[in-house]
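Asks: Please read through the structure below; I'll follow up with questions.
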Amino acid sequence: MKLQQNFTDNNSIKYTCILILIAFAFSVLCRLYWVAWASEFYEFFFNDQLMITTNDGYAFAEGARDMIAGFHQPNDLSYFGSSLSTLTYWLYSILPFSFESIILYMSAFFASLIVVPIILIAREYKLTTYGFIAALLGSIANSYYNRTMSGYYDTDMLVLVLPMLILLTFIRLTINKDIFTLLLSPVFIMIYLWWYPSSYSLNFAMIGLFGLYTLVFHRKEKIFYLTIALMIIALSMLAWQYKLALIVLLFAIFAFKEEKINFYMIWALIFISILILHLSGGLDPVLYQLKFYVFKASDVQNLKDAAFMYFNVNETIMEVNTIDPEVFMQRISSSVLVFILSFIGFILLCKDHKSMLLALPMLALGFMALRAGLRFTIYAVPVMALGFGYFLYAFFNFLEKKQIKLSLRNKNILLILIAFFSISPALMHIYYYKSSTVFTSYEASILNDLKNKAQREDYVVAWWDYGYPIRYYSDVKTLIDGGKHLGKDNFFSSFVLSKEQIPAANMARLSVEYTEKSFKENYPDVLKAMVKDYNKTSAKDFLESLNDKDFKFDTNKTRDVYIYMPYRMLRIMPVVAQFANTNPDNGEQEKSLFFSQANAIAQDKTTGSVMLDNGVEIINDFRALKVEGASIPLKAFVDIESITNGKFYYNEIDSKAQIYLLFLREYKSFVILDESLYNSSYIQMFLLNQYDQDLFEQITNDTRAKIYRLKR
């Protein structure tokens, strides 16, 4: 095909398809860089393929694996039948690639589809070339790349593509009044809700804004009102078969009998659609939010009356913490300058093309990251990318109005240079963003070996970070995972890992048996059920009773319980312990925990003191610590020569002190911790290899992870 010399004015279908293919290939190739880099490390491989880089991905991988097998265990929390698991199952059924290869590369290809709606939206405004530049930028912007790179096997791979397709149908409808687009809008909403159920609020906001836009700009056009009615039906909680049948039926009636449909019928249809939405429970999420904020005080009081109080998991998750404005701008547009130009361009785009206002819900959700956490930034990426593309158009248009003459050749060269420099920060980010796999091959092998020792109904007690991978590799059940980690859920695993071995063993058995019972009894609070069944007046009294080695269980043992203790958990030990350090009766912290892991960075040859990378100094021949100028005596210095053999040297220094200093020779790392954490089951059983053989049997003994079977 011979391209026009002034390609910025070309909006032909062939030209558009070529740009889409180029942008798609560019996006995929950028995501393959990580594969090339990671392939150099054998510890990232398992079963002859690179492993994935996201914990949540193992949930969908487990679901897909179970779908391929054709079954899963009752109450095993498998994502059997979930959207991504289903799509993976379909691909595995028709493609000649291994399961591991499919889940590794899916995000690279599906996430790159974002270029399609970006370029097509720009084409609706006769700005295809500028849309191409926007697609290049948006497809690899920092936050979007981070959550859709190769190996990032998660629903994020389509979480922007689908709402952008919805936005495309909105814009196309406002410009062309295309009746086929009338059908696409509700269909894309249905697909988006199936793919990502949490998209309900965004869908609701987009439909609401489209309704407001209709009343302001298209109040006399029937096709817009019918679109609203069909989208409301798509948003309802009816089974998808009924929704699709109803949508197609109404579409067909409008397509063939439009002249006989008046506004009274349209408004009646909208009323019926809202009624269907309400009766099917579609308004419940909205009503819940209103109830929570309007009647907040009484709701909180009722919550206190109904259950115990636990540590809030949101305080431990980086993605829900507020972020620095500069980081916010870089995550959306890869650089501060491009972000500013993109924002200006978006304002100009909305000024010149009112239909772009329909993108505000996505932009607002992305900007929520300033308060709600960095995970939301991706929603603003494609909208701001379109803003940048339009800024370039406005810039060249400004030059023409000022009669600044540029030849077509110079204009094209300048446009290419601007495009290159705008995406350069994103390319640099891709080069330096070298994410590791969730587990190493050694850790995956340890869990895979457990599959041959444990039964599918057995439980592995571990921290929630490892729940999904454990279920995937070991094919067992877990108490908590990436989707089940509220304070009341985390309490039990935290207790088992951070308390001494006797209460930990008792709680491990109780938490598993009561979790299984809760599937039938539907306990709102499992700990409260324990307290009630054992006739205790408070959670504190019940938890203290677990210190008895002869504790009598009222429940029968129904399965084996394993405890997974990886080395990688050591760095987050204070977070793990925080949940069980909270008194469920009043929500207060029982004690102030002290824990830090650090490496030596320098040694004073004169005094012999050792400076650690956390700012702490080891002084007086390893007998005290210097923290912010204050000297803190040590209770003991423990030199751990071998984690697997339990070979260590215990040097008591001050029996009245509370702080221990541990040196891990195998990792060349220091651990500073208080007495309660030193006596915890995790430190004793993993680092020191000291375990009560009446309570536990060691199944796996490795420097990377240990697994114990509960004998109780």
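All residue numbers here begin at 1 and follow the chain in the order shown.
Heads up, the Cβ atoms here are built off N, Cα and C, so glycines get one too.
As listed in Swiss-Prot for this protein:
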BINDING   Asp56, Asp154, Glu319  Mn(2+) binding site
CARBOHYD  Asn535  N-linked glycosylation site
CARBOHYD  Asn556  N-linked glycosylation site
MOTIF     316-319  motif 'TIXE motif'
MOTIF     463-467  motif 'WWDYG motif'
SITE      Asp56  site 'Interacts with target acceptor peptide in protein substrate'
SITE      Arg147  site 'Important for catalytic activity'
SITE      Glu319  site 'Interacts with target acceptor peptide in protein substrate'
SITE      Arg331  site 'Interacts with target acceptor peptide in protein substrate'
SITE      Ile572  site 'Interacts with target acceptor peptide in protein substrate'
TOPO_DOM  1-12  topological domain 'Cytoplasmic'
TOPO_DOM  218-222  topological domain 'Cytoplasmic'
TOPO_DOM  257-262  topological domain 'Cytoplasmic'
TOPO_DOM  351-355  topological domain 'Cytoplasmic'
TOPO_DOM  400-407  topological domain 'Cytoplasmic'
TRANSMEM  13-37  transmembrane segment
TRANSMEM  99-124  transmembrane segment
TRANSMEM  128-146  transmembrane segment
TRANSMEM  155-176  transmembrane segment
TRANSMEM  179-194  transmembrane segment
TRANSMEM  200-217  transmembrane segment
TRANSMEM  240-256  transmembrane segment
TRANSMEM  263-280  transmembrane segment
TRANSMEM  328-350  transmembrane segment
TRANSMEM  356-372  transmembrane segment
TRANSMEM  377-399  transmembrane segment
TRANSMEM  408-432  transmembrane segment
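Show me how these features fit into the shown structure, please.
Replies: The Cβ of Asp154 (Mn(2+) binding site) has Thr54, Asp56, Gly57, Phe60, Leu84, Ser107, Arg147 as same-chain neighbours under 8 Å, each 6 or more residues away in sequence. In the three-state DSSP classification, Asp154 (Mn(2+) binding site) falls within coil.
Secondary structure at Asn535 (N-linked glycosylation site), taken from DSSP and collapsed to helix, strand or coil, is coil. All protein chains shown were included, and the count of other CB atoms within 10 Å of the CB of Asn535 (N-linked glycosylation site) stands at 9.
Secondary structure at Asn556 (N-linked glycosylation site), as computed by DSSP, is coil. Around the Cβ of Asn556 (N-linked glycosylation site), the same chain contributes Glu513, each under 8 angstroms and 6 or more positions distant in sequence.
Using DSSP to sort the residues of the motif 'WWDYG motif' (463-467) gives these counts of helix, strand and coil: 4 helix, 0 strand, 1 coil.
Residue environment of Asp56 (Mn(2+) binding site) contains 20 other Cβ atoms, counted within 10 Å of its Cβ in all protein chains.
In the three-state DSSP scheme, Arg147 (site 'Important for catalytic activity') is classed as coil.
In the three-state DSSP scheme, Arg331 (site 'Interacts with target acceptor peptide in protein substrate') falls into the helix class.
Sequence-distant contacts (6 or more apart, same chain, Cβ under 8 Å) of Ile572 (site 'Interacts with target acceptor peptide in protein substrate') comprise Trp463, Asp465.
Proximity of distant same-chain residues to the topological domain 'Cytoplasmic' (218-222), defined by a Cβ-Cβ separation under 8 Å and at least 6 residues beyond the stretch ends, is recorded for 174, 177, 254, 258, 261, 263, 266.
Secondary structure counts, DSSP: the topological domain 'Cytoplasmic' (257-262) has 4 helix, 0 strand, 2 coil.
For the topological domain 'Cytoplasmic' (351-355), the residues of the chain that approach it from at least six positions outside its boundaries are 125, 170-171, 174-175, 213, 217, 390, judged by C-beta separation under 8 angstroms.
For the topological domain 'Cytoplasmic' (400-407), the DSSP counts in helix, strand and coil order read 2 helix, 0 strand, 6 coil.
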Asks: Quick one: Cα separation, Asn535 (N-linked glycosylation site) versus Arg331 (site 'Interacts with target acceptor peptide in protein substrate'), in Å?
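Replies: Rounded to the nearest whole number, the Cα-Cα distance is 53 Å.
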Asks: A 10 Å Cβ contact count, applied to the recorded sites Arg147, Arg331: which residue has the minimum?
Replies: Arg147
Asks: Tell me the coarse DSSP state (helix, strand, coil) of Ile572 (site 'Interacts with target acceptor peptide in protein substrate').
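Replies: For Ile572 (site 'Interacts with target acceptor peptide in protein substrate') - judged by DSSP and reduced to three states - the answer is helix.
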Asks: Count, for each of 13-37, 263-280, 356-372, the Cβ pairs lying under 8 Å from the transmembrane segment (155-176), and report the range with the highest count.
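Replies: The stretch I would name here is 356-372.
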Asks: How about the transmembrane segment (356-372) with the transmembrane segment (200-217) - do they touch, taking at least 3 C-beta pairs under 8 Å (6 or more apart in sequence) as contact?
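Replies: Yes, the stretches contact each other.
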Asks: Quick check for me: are there 3+ Cβ pairs below 8 Å between the transmembrane segment (99-124) and the transmembrane segment (263-280), leaving out pairs under 6 residues apart?
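Replies: Between the transmembrane segment (99-124) and the transmembrane segment (263-280), contact is absent.
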